[in-house]
Amino acid sequence: MYEYKLMCGIVGAVAQRNITEILIKGLQALEYRGYDSAGLAVVDSEGKMTCLRRTGKVQSLADAAKTQPLLGNTGIAHTRWATHGKPSELNAHPHLSTHIAVVHNGIIENYESLRNLLIHRGYNFTSETDTEVIAHLIDWQQRQQGGSLLEVMQPVVAQLSGTYGVVVMDSRDPARLVAARSGSPLVIGCGEGENFIASDELALLKVARRFIYLAEGDLVEMTHSSLSIFDGQGNAVQRAETAPQAQYHAGDKGLYRHYMQKEIHEQPLALQQTLTDRINNGKIDFSELGSDIADRLTNVQHIQIVACGTSYHAGLVARYWFESLAGIPCDVEISSEFRYRQPVVRANSLLITLSQSGETADTLAALRLSKTLGYLASLAICNVAGSSLVRESDMALMTKAGIEIGVASTKAFTTQLAVLLMLVAFMGKKKGRPEAVEHKIVHALQTLPVKITEILTWDNSIANLANNFYDKKHALFIGRGELYPIAMEGALKLKEISYIHAEAYAAGELKHGPLALIDENMPVIVIAPKNSLLEKLKSNIEEIRARGGELSIFTDKAAAFNESKGIKTIQLPQVDDIIAPIFYTVALQLLSYHVALIKKTDVDQPRNLAKSVTVE
Ligand code: M6R
């Protein structure tokens, strides 16, 4: 009966016009995160509250809203994603208690004891969720102490352990919303004579141009014309106002069939944006870090990277680069392991977190843990400027990929790699590497947007190749060196959106076990450009051929592979070894995309997944 909320969505509005449509449109903008049910509650100026909840897509909620009057100038709405506590109307938010309505992202860890306490006090529970305890606690507290919703919320949040972004409405005070944040992001959107709140500014781009991100522990009370923010100690505080951080009009797929396809094709532009202003006169310019901090990097003797999923794969590639190009020892770990492992910290170690969203719970927890362990400093490489990870790190370098909507990460990954490569050049110079290394990296990076544009023209050939995979149950991806993590990323992309079981191996490892799997039903995808490991990789390919394996080889002309029985090749343009991981990634993204198209899966919102994972 424990409810996990992997990136549910919240939208709230307090205005002087009917806000039902704004709430629904806001939820639709958050659909990409993955969810299984949706709901909203609105209250009119007379204090009449109407609540509507539906399982399935937000469209079902929108259709239902057309058939009954939903009038109100104040309201809250939610998309819920559950793994425990089945998707149902009763479990969907908002949750109600007498006059109170609540929407909530996060997990209330002590909900069972609170629930028992509230049952003992006479409350009936209608859902299996942890959120319902918040609604009843507020109602109870109001009955005990009276006072405004804000005054009641302070003692209520003090009783909650776990994580929450919560927005609350009281039908007896219909022109006001109160919200609290702890571990789950909330952003206020300021409109003209109206105020909004959401778990992601994307939900509010159509109604607000100024945004205020709440800090950990903040409570806010908002009406259509006022905002009062209080920190965890109850002091009135001001939080900085920011312009929208969405660089691209994310709600529009244009001529593309899917956001993922659009985002794959946006990569030349995203990479250009990420490189611009950071390369000056053939040198890396990270003046954005400030001179003091940049000087501290001179003392770095070790790098620890932590990240999850695709971002973790970017870290694995960077390890090869940091060690071979900058001579700095580097370790990489999955955040969920790092946070519970009691790591021993090397002297003068820099902690680097990688995250598209900047809200991934395990990566945030790893960052928070690192602060107690004596790292030299923390650096976030992230795609969302106002995110918790960026705000809580000592320094940050933004990937400038624009908002990524598809659950399968594409342009965020390649721009992470571009930032990491710039950092390798920058740190290498600080560690006394010859200038030629920086020049080589800069030169390779400058060719990147054009090279990625070029590889996108291979779309049709890769689409043809996809016909060999759609009916397969399993696939193996192999590579060597820094292309091994790219094989891992290729396998993750394929399993994520086509539901084909795919694994990646360092090619030299095959004979230690996985060769037993090779037969005609186990396609093997190889990343094999001409590089210093090609001859080794060719021996591994022969081992597969000798056992009847079916190979699809992503390669270049210089590697000199010929098509023959059991071998298909995609011969791509030659690129500098340094950027090969970024270049070959795009080819594998296209492969997964086309396999998913043939299989007719939900490309942008694959089953069981959410865009960012804000609880562990
Ligand atoms: O937002 P983050 O980069 O921290 O997210 C980490 C992973 O959840 C994410 O990369 C996930 O693996 C993607 N869906 C992969 O495409």
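Yeah, the Cβs are placed from backbone N, Cα and C, and that goes for glycine too.
Automatic prediction, not curation, is the source of TrEMBL annotations.
The active site, nucleophile feature in TrEMBL is assigned to CYS8. For LYS611, the entry in TrEMBL reads active site, for Fru-6P isomerization activity. Annotated domain 'Glutamine amidotransferase type-2' per TrEMBL: 8-225, in sequence order. Residues or ranges marked as domain 'SIS' in TrEMBL: 293-433, 465-606.
The two recorded residues, LYS611 (active site, for Fru-6P isomerization activity) and the residue listed as 'active site, nucleophile', show a Cα separation of 10 Å.
Long-range Cβ contacts of the residue listed as 'active site, nucleophile' within its own chain (separation 6+, distance under 8 Å): ARG33, TYR35, HIS78, THR79, ARG80, TRP81, HIS93, HIS104, ASN105, SER199. Residue counts for the domain 'SIS' (293-433) by DSSP state, with H, G and I taken as helix and E and B as strand, are 64 helix, 28 strand, 49 coil.
Looking only at the domain 'SIS' (293-433), the predicted model's pLDDT averages out at 94. Summarising the environment of the residue listed as 'active site, for Fru-6P isomerization activity', the number of other Cβ atoms within 10 Å of its Cβ, over all protein chains shown, is 26. Counting residue by residue with DSSP, the domain 'SIS' (465-606) contains 68 helix, 30 strand, 44 coil.
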